[in-house]
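Visitor: Shown below is the structure under consideration.
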């Protein structure tokens, strides 16, 4: 165990760890700000074409027109029976024409040159400033998609940098970059600068949130990690709801972007508070620095731990690590190891699909609140608030009901709720909102489960690679989500139906994955290939080795006992 034994001696989750953990959790709030601010920064209010007799330079032009003027100016959509927003009749809008009862259709219609926006809900947004509507509406979706592309790039870049240079310097570097480009996005003179800045901000959310999450988890004892991980997500949900409070008081989109960025200044003070991860220091052979951090925590927790005991505990962890490193099987893992063998490949592809669906549906529903109508701010707050009971549900059930049961059940519930929106009459928009929130609650619980379930499906030797690849696939779902949400312009429930169909299929496919609750940790590629299928004789894997039948061997062994026995029986050689 090594360092985990040290954490247990420190109180597992003592006062020092609690304070540092709480401070780190606060940083997830600003990451929620940036990930969800697009709902308001890129808000698209109702709009119409500016008519030729209206002054394009006047801010006093009203969005609302008399019904007879709209009838004479705008064609109607044959499907929705609503006036179209992107075209107007090509006629001379003289006083005589505006006094007649029927429009002149002989000249057809023409596209808008200027627009009038409804300012009753939003004072302005990037969409209204740069007219990202009609033929340019894809630009708003592309901006959100590029933000999520930044999150993907950041998870790769900052993850590797934090492993190489340390958690603390990368965390604060990410904060500085996030603050700089967050302000730049708020003062951007045109679309390209804004989108490029948001791309960088998206990348830094990975540098801040993921690195902070790792710092928090690396200083919490083994028994508390499930709870610690879920409470970090709850703070993200709090930031989700707090974003609506900023939007309520700050109506100009530029000032909103800047006001959501400035709280990063507070977290710069952490430089003198947050320690470097002792686990990382030990991995880099900086033993004295790690011991200094551990002793500081011990003093704060009123615990006594002598240098002799500390060295003994750390030496035990070092011996285990050296034994593993000396094993011939300790080759550099890659994602191809997960795809090389049939059973492991099948499980990996199912996990990838679950991550894609969960991420796409989660962010799709989060960003879709403005499309649901009614009170946008209230919808947004409810969408964030339902995450709290979702995570509470996980705390109460994950270690009781099993991972597969919860993952499958939550995804199916989300799928059914979202698919039911296809049956809701147009005059019952409140019911569409209610079903969307049920879907959001369920997919949040599912998303929280898939992290743990995936980590337990992948063998230790390729676990980090598997989770990294899964996270990359998840980001693809987030990148596509804004384009799915564009379909709400055609029919409000259409994006919900697409998300629901994916969630329903994902829930059914999850039944094909083996349950991992109360099962031993999978250590080798052979363990991963055997897990979840009936062993067959004469099945060969690595370098022609025979994959021997284990016939419930793992199921009857305590956690990690299979790996330990294999090591003892083969002097460090992989047995399975």
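Backbone N, Cα and C atoms are what each Cβ position is placed from, and that goes for glycine too.
Bear in mind that TrEMBL entries carry predicted annotations, made automatically and left uncurated.
The shown structure was predicted, so the numbers you read here are calculated from the model rather than taken from an experiment.
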Visitor: Between 115-134, 255-274, 275-294, which stretch does TrEMBL give the note transmembrane segment?
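Guide: Based on what TrEMBL states, transmembrane segment spans 255-274.
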Visitor: If you check TrEMBL, which stretch out of 310-333, 334-357, 430-453 is marked transmembrane segment?
Guide: 430-453
Visitor: Mind checking which residues of the chain, 6+ beyond the ends of the transmembrane segment (465-484), have their Cβ under 8 Å from one of its Cβ atoms?
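Guide: Beyond its ends, the transmembrane segment (465-484) has Cβ neighbours at 138, 140-142, 144-145, 148-149, 151-152, 155-156, 159, 333-335, 337-338, 348, 351-353, 355-361, 363-364, 367, 454-455, 457-458, 495, 498-499.
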Visitor: Decide whether the stretches the transmembrane segment (170-189) and the transmembrane segment (377-398) have at least 3 CB pairs under 8 angstroms, with pairs required to be 6 or more apart in sequence.
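Guide: Judged by the Cβ rule, the two regions do not touch, with the required three close pairs absent.
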Visitor: By Cβ distance under 8 Å, which residues at least 6 away from the ends of the transmembrane segment (255-274) in the same chain are close to it?
Guide: 20, 23-24, 26-27, 29-30, 33-34, 37, 40-41, 168, 171-172, 175-176, 178-179, 182-183, 185-187, 215, 243, 246-247
